[in-house]
Amino acid sequence: MSNRDTGHSNGAYTGSEVSLDIPTNTLYHTSRDCIIEGEEEPAKSSGGCLDCLRSTCSNIFRKKTLYKRFPILVWLPQYKKDYIFGDIVAGISVALTVIPQALAYAGIAGLDLQYGLYACFLGCFIYIFIGSSKDVPIGPTAISALLSFQIAGGSWQMATLLTFLTGIIEILMGVFRLGFLIDFVSGPVGAGFTSAVSLIIFSSQMKDFLGIQTSGNTFLQVWISIINDIHNISWPDFVLGLICITVLLSLRALASCSVGPKEGKSSGQQLLTGIMWTIGTARNALLVCSTAGLGYWLSISGKEDLVRTVGFVPKGMPTFQPPPFHMDPVVNETTGEILQDAQSFWDMVSTLGSGLIVVPLIALLETMAVVQAFADGKPTDATQELIASGVCNVANSFVQGLRSNGGVARGAILNASGVRTQLSNLYTSVIVIIALLYLTPCFYYIPKAALAAIIIAAVIFMVQFRVIKPMWHSKKTDLIPGLGAFFACLVLPLQLGILVGIGINVVFILYQAARPKLRIETLATTSGLRYLMLTPDRCLIFPSMEFVRKVINKQGVKSTLPVVIDCTHIYGADFTAAKVISTMVTDFALREQPLFFYNLQPRVAQVFEGLNKDLVVIYDINTLHAKLAEKTAL
């Protein structure tokens, strides 16, 4: 406690903001919506359902809404010839990255490789029209592929239906402006989830990297199976995988190298720097091409069994058809044994379960991480990204594509390539289509260890260990939900693990709401009268009221001085709070101990006075001192 001879000076608490040094591939986000209270407009008389429908349609099709929901109407009229080269280079750069990644991510999802490529052209094309960011490349990601595997279980029918239904849910979330839901996934929870995903993906690639058999859906199950089968390791696959990882990491470092000074490079230095950047950026494509050549040479040399290759990949475009809404039974044609029972639409939906909610949230986190990372301070629109991602995934489901959304790594490539508009997605989709039509026979010879190396070299940078130190220095308790999400995702399926992390975060929020901090000071008026000032730091709602009442009563009985409750930070209250305040006013009156409420907002005062009219509310320090002198004289 502190004693001061001056009048009480009132000021709001100022919180400290901590900036975390988070790498660019971190799933991070900020709040994008705010609520502004103002005077309510008088309700307009309704003219019936027809007037309501007409008003809704006019709102949807007004120019402002159309420009917001179809961003192409904004940037296309401003398109310049100078933009063409930047978009072409960016589109080709992303295509050279997304093709080998798509093949690898299909393996993570437990599907044939072509399903990864199916997700890389139609969604890209649609995003040109409705996407709000030039830096978002639509395609499968490591996280979406792993979620698809754990939720759909390696069935292309279930994976396609997951793509369709989560796309519909994203559209609905966008229509009803539910993008704020990702604010419940805090930074620590997102970092813990991302780190766990990287370790799970790393573990899932051990079967191809080591040439062994693995099983299980969780981190622990996979590693138990790895240990049990490690004696069957394929040394050629292992050595090839190590070489590929070394090459990929070296080329990754090469991409960031620069020749000459930062400013004022000569044309030769600029050319050499550009060549190194191009080689480093296209490292995945270069590795796939070179190892496919190695696989072909081993095949014609009669040594095709030395390393395992991916095998046959169907040539041509996928069939355009609705996603499967039921599954026919799978029967062994030789024995007649039923290998898989038939499933109705509702059976399939129940199998997907909580993944239908978790997948859109994680996808929005990934996409908004890209949008915000390259927004350069401009406002971002989570609602539009939800709608765009939803429409792209619904379209992908008609071509049997995997779940797709924006990826941070490919977004960085787009930005570094000098992308100017969303039109870069057109060139990416065209190159993917060319690969499907003409290049799939070459994929036969790609070693599985090479694709595993591509994934491993990417996911090792997803472990968010850098956030631990600044989190420890800023607020140590934030490590609890982060570590909770991390370990839960390793032990449980991912969709349950992230929910556990969110649940721990919500418990922390509720605890803080139930245990507000009260600043307790012993002050004195200008005439020397001492009183007790208690200042709650937040609004009074039902979880916190019993705690607040006990603290105030205890301090009041202990000091026997007049008590003043500074309500500057109390901006809201409910019925339970009013009931407890009424009881507290009565208790103080029975003890004949003065109780005043200072700076109580009028709307909160109305809530309190609804149950007790004896409330004494004061808004001026001089009036407070006068009231204290009056009560003391009595």
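Including glycine, each Cβ sits where the backbone N, Cα and C put it.
The model shown is predicted, which means the values in this text are computed figures rather than measured ones.
According to TrEMBL, the domain 'SLC26A/SulP transporter' annotation covers 85-479. The annotation domain 'STAS' is assigned in TrEMBL to 532-614. Taken from TrEMBL, the feature transmembrane segment covers 83-107, 113-130, 142-169, 175-202, 345-365, 426-446, 452-468, 480-511.
Taking every recorded stretch in 83-107, 113-130, 345-365 and counting its Cβ pairs under 8 Å to the transmembrane segment (452-468), the highest total belongs to 83-107.
Secondary structure counts, DSSP: the domain 'STAS' (532-614) has 42 helix, 15 strand, 26 coil. Residues 105-106, 108-112, 115-116, 119, 194, 197-198, 200-201, 204, 217, 323-325, 327, 348-349, 351-353, 355-360, 362-363, 366, 389-397, 400-405, 455, 458-459, 462, 493-495 of the same chain sit 6 or more residues outside the transmembrane segment (142-169) yet have a Cβ under 8 Å from a Cβ within it.
For the transmembrane segment (175-202), same-chain residues at least 6 beyond its ends with a Cβ under 8 Å from one of its own Cβ atoms are 20, 22, 25-29, 31-33, 108, 142-143, 146, 218-219, 222, 361-362, 364-365, 368, 382-383, 385-387, 455-456, 459-460, 462-465, 467, 471, 478-479, 481-490, 494, 497-498, 501-502, 504-506.
Taken as a whole, the domain 'SLC26A/SulP transporter' (85-479) shows an average pLDDT of 89 in this prediction.
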